[in-house]
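Encoded as structure tokens, the structure appears first; notes follow it.
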Amino acid sequence: MAASPPPYNPVPVAYQGGAGAVPVWLNKGDNAWQMVAATLVGLQSVPGLVILYGSIVKKKWAVNSAFMALYAFAAVVICWVSWAYKMSFGDKLLPFWGKAGPALGQKFLINQAALPASTHYFSDHKTVETAEITPWYPMATMVWFQCVFAAITLILLAGSVLGRMNFKAWMMFVPLWLTFSYTVGAFSLWGGGFLFHWGVMDYSGGYVIHLSSGIAGFTTAYWVGPRVKKDRERFPPNNVLLVLAGAGLLWMGWAGFNGGDPYAANTDSSMAVLNTNICAATSFLVWTWLDVIFFEKPSVIGAVQGMITGLVCITPAAGLVQGWAAIVMGVMSGSVPWFTMMIVDKRWKLLSAVDDTLGVVHTHAVAGFLGGILTGLFAEPELCALFLPVTNSRGGVYGGSGGMQILKQIVGALFVIGWNIVVTSIICLVLRCIVQLCMPEEQLLIGDDAVHGEEAYALWGDGEKYDVTRHELCSDDMSHAQKYPPSGATQVV
């Protein structure tokens, strides 16, 4: 008697799970998008910010600046899988911190992704309001996706101390700050900490990444000290075209930055990507218009700053606001950080005294704080229901609990600011007992060739038009030429 055929399965064979590397819970589309999103965020750092940092600084700091970014990326990857991932997204240790542990074994990595502390209960602490976050892909995907966010945070922080921080100090600073600062913000707001359950909105890192990197960068710049006077007075970019290349990678990569945070390829992800581009374009235009109106010239570097502030501002709100709100946020992000950078920075002694090389406190801290507050104002209830653990969440313009939401956003920002000031200061004070935070004077005067034995270009100049009265062959101070003879690969060429 012939065997009966297997029952008909309407699901195409390619999408049927239950065997080998395709378990029944795996959604191939979600997994593919999450891996692509992680790669896009990784490309923002390497090569995006590596190129941007290496080209936006004075020629003598091109190699050092680019390498600080590249080193941070590599160091974070190892620290993340060794202990930091579970501190950020693992089981709860404290209301603001997860339990440390490695994320390296296959028994952990090939299981379905889950954030164990994310189950949200009603006020009785017994009835589940929102179930545990369990995306339809393996934990390995989640670990890598969150890793590239952690890495770019350290790289953004580095923008505040380019052109003078001792590289040895930076090598020690990266794992310490990741461990004691980043993991706290990530767990508190994303991993199931007290701000997550209270309902503070941070869709994709306006607070966790941008506010923290801006505040921590400014604090680190205070403890490291300023660049040499000559660098502070004139610090022209050595290659504006490459600045645009790096900025372009940053902008396009933000599709993964914001589009990946619903942890699925869904409608909210699409909304986030569209809003991201709307806000960035608006901010770019507003900043450029302000430069033309007040300085009579459209600055390319200024336009890049405007693009960045727009991307930062929309980050906490990307999938939570409507398109018209994204335009309003773009107008605000193109004008408020412009005002703090161009006007307030020169008039407020604290800001002018601290040498924040790339103005990260303006482009990331101010823009991130602004975005968080505007999220509390414009968050649309239906979009909130697609993403947030606290039901009935809404922004202030929608009435109801919206007014309270703005207060929550302010409190969340103050926690991130306070924690980063204190912890970053402690890290710098401890490191100062071990190694000099700032480079020695001779390295500050010469730059890359003294620090790394390499130079970005085998040419004279610091990205300026040649002027025989101001330029030497390769550095700001040729009196050290005998002490530091040319030794880099470019000199061999």
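Cβ coordinates come from backbone N, Cα and C, glycine included.
The annotation domain 'Ammonium transporter AmtB-like' is assigned in TrEMBL to 32-457. Across the domain 'Ammonium transporter AmtB-like' (32-457), mean pLDDT in this model comes to 95.
The feature transmembrane segment is assigned by TrEMBL to 32-54 (among others).
Annotated transmembrane segment per TrEMBL: 66-85 (among others), in sequence order.
Counting residues 6+ beyond its ends, the transmembrane segment (143-162) has Cβ neighbours under 8 Å at 34-35, 37-38, 41-42, 44-45, 49, 53, 57, 61, 64-65, 68-69, 72-73, 75-77, 80-81, 84-85, 88-89, 103, 109, 170, 174, 177-178, 182, 186, 205, 208-210, 212-214, 216-218, 220-221, 224, 257, 260, 356-358, 360-361, 364 in the same chain. Annotated transmembrane segment per TrEMBL: 143-162 (among others), in sequence order.
Summarising the annotation, TrEMBL assigns transmembrane segment to 174-195 (among others).
Residues annotated as transmembrane segment in TrEMBL: 207-225 (among others).
For 237-257 (among others), the entry in TrEMBL reads transmembrane segment.
Taken from TrEMBL, the feature transmembrane segment applies to 269-288 (among others).
The annotation transmembrane segment is assigned in TrEMBL to 300-318 (among others).
According to TrEMBL, the feature transmembrane segment maps to 324-344 (among others).
Residues 118, 120, 129-130, 196-199, 201-203, 206-207, 209-211, 213-215, 217-218, 262, 266-268, 271, 308-310, 312-317, 319-322, 325, 328-329, 332-333, 336-337, 340, 396-398, 402, 405-410, 412-413, 417 of the same chain sit 6 or more residues outside the transmembrane segment (365-390) yet have a Cβ under 8 Å from a Cβ within it. Residues or ranges marked as transmembrane segment by TrEMBL: 365-390 (among others).
Sequence annotations record features per position, and here TrEMBL assigns transmembrane segment to 410-435 (among others).
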Stretch-level contact, the transmembrane segment (174-195) and the transmembrane segment (410-435), CB cutoff 8 A, at least 3 pairs = yes
May I ask you to check whether the transmembrane segment (32-54) and the transmembrane segment (237-257) make contact, with contact taken as at least three Cβ pairs under 8 Å and only pairs 6 or more apart in sequence counted?
-> yes
Do any residues of this chain, six or more beyond the ends of the transmembrane segment (207-225), have a C-beta under 8 angstroms from a C-beta of it, and if so which?
-> 149, 152-154, 156-161, 164-165, 169, 173, 177, 181-182, 185-186, 189-190, 200, 312, 315-316, 354-357, 360-369, 371-372, 412-413, 416-417, 420-421, 424-425, 428-429, 432, 437-438
For the transmembrane segment (66-85), sequence-distant contacts whose Cβ falls under 8 Å of one of its Cβ atoms, 6 or more beyond its ends = 42, 45-46, 49-51, 53-54, 100-104, 143, 146-147, 150-151, 154-155, 158, 162, 165, 167, 170-171, 174-175, 178-179, 182-183, 452, 456
